[in-house]
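A.B. asks: Straight out of TrEMBL:
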COMPBIAS  342-355  compositional bias 'Polar residues'
REGION    317-355  region 'Disordered'
REPEAT    15-56  repeat 'WD'
REPEAT    57-88  repeat 'WD'
REPEAT    99-140  repeat 'WD'
REPEAT    141-182  repeat 'WD'
REPEAT    183-224  repeat 'WD'
REPEAT    225-266  repeat 'WD'
REPEAT    267-299  repeat 'WD'
Amino acid sequence: MAAPCPEDPSLERHFKGHRDAVTCVDFSLNTKQLASGSMDSCLMVWHMKPQSRAYRFAGHKDAVTCVNFSPSGHLLASGSRDKTVRIWIPNVKGESTAFRAHTATVRSVHFCSDGQSFVTASDDKTVKVWSTHRQKFLFSLSQHINWVRCARFSPDGRLIVSASDDKTVKLWDKTSRECVHSYCEHGGFVTSVDFHPSGTCIAAAGMDNTVKVWDVRTHRLLQHYQLHSAAVNALSFHPSGNYLLTASSDSTLKILDLMEGRLLYTLHGHQGPATTVAFSRTGEYFASGGSDEQVMVWKSNFDVVDYGEVIKVHRPPAPLATSSGNLPEVDFPVPPGRGRSQESVQSQTQEPISMPQTLTSTLEHIVGQLDVLTQTVSILEQRLTLTEDKLKQCLETQQLIMQRTPP
């Protein structure tokens, strides 16, 4: 067998520990941790450092369906078939707080980019928005007429997109709480949806084996892919915005080149349906999970651009003719070295004003510590409430005994 080309994605690690199908994966900000959820009701936090022991969090009473790290990486949210959302501190103690408002399975959880709120989607046909630090339910979005499989914030936090078994993708304005647009092109249940890193486009996957990409400004269908031979269960954008990763019940992962509108790679690894995928925050790695109970970590390799530079510099959208079928023009940022020199791209863009690295790191550390402190206070309050309840029960029992005891 020929040796794989170094530019191709490569399987880096297997994580085995779940006792049932893996349903969800997500990387922490610094890529040091990878979280996964499973039908076995457990949440696992794997350490990317070799020879490190994983954390197994038990708190949900039924299958874990979704996971998402907060932007700081100091909190981890999970949703479950037990109808709750839990916020965990991803350390060895594994302490968590439960959020209750949904009346059916919670299918999706996603933090806003500022970490102050998160959005959930449920089989109760609603999308709900919650406050992270005040730990309360804020409001519902309720126009879907069937289970809602997925909901995501836009990068700027002003929009929410949701995907449902009613075959629609809905775009919501977070401030007005109104549905801005419904996309109805899917021929079956819509399983997954996400925003392009630029915030100008969305991609959705469906049970009809397709992936579709729309412009959220014009609501025009930009691209349509029918490359899988079974349902597409999940998708994830590369942070550069140039690639889209998909997972399917046909057991494969596929990487799409959005600049050229074509299939780049088909990856085989899972035995049975591939259920979930996620790129790391830098795009250097991606993870996948499947019904085979395995979590796999892959190294991307296929984009030789400096990932940090791609994320840091905002590149203007450039129309580019597609090369597959009669797809319309695609409105995605052009990466350096793809038709134009890196110098020419940089000359047309302005570097964003940035704070000194030390100040940025300090602020991130403070925000992270506030996250942990808030969560710890909540856990202590819960324990105090439980202690008070037990004391009341003891007093009531003592009073009953005294009443029954003859003088």
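Cβ coordinates are placed from backbone N, Cα and C, and glycine is handled just like the others.
Bear in mind that TrEMBL entries carry predicted annotations, made automatically and left uncurated.
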A.B. asks: On the 0 to 100 scale, where does the mean pLDDT of the repeat 'WD' (15-56) fall?
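C.D. replies: Value for the repeat 'WD' (15-56), mean pLDDT as a whole number: 95.
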A.B. asks: Using DSSP, what's the helix, strand and coil tally for the repeat 'WD' (141-182)?
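C.D. replies: Split into helix, strand and coil, the repeat 'WD' (141-182) gives 0 helix, 22 strand, 20 coil.
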A.B. asks: State, in range form, which of 141-182, 225-266, 267-299 has the highest count of Cβ pairs under 8 Å to the repeat 'WD' (15-56).
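C.D. replies: Out of the listed stretches, 267-299 contacts the repeat 'WD' (15-56) most.
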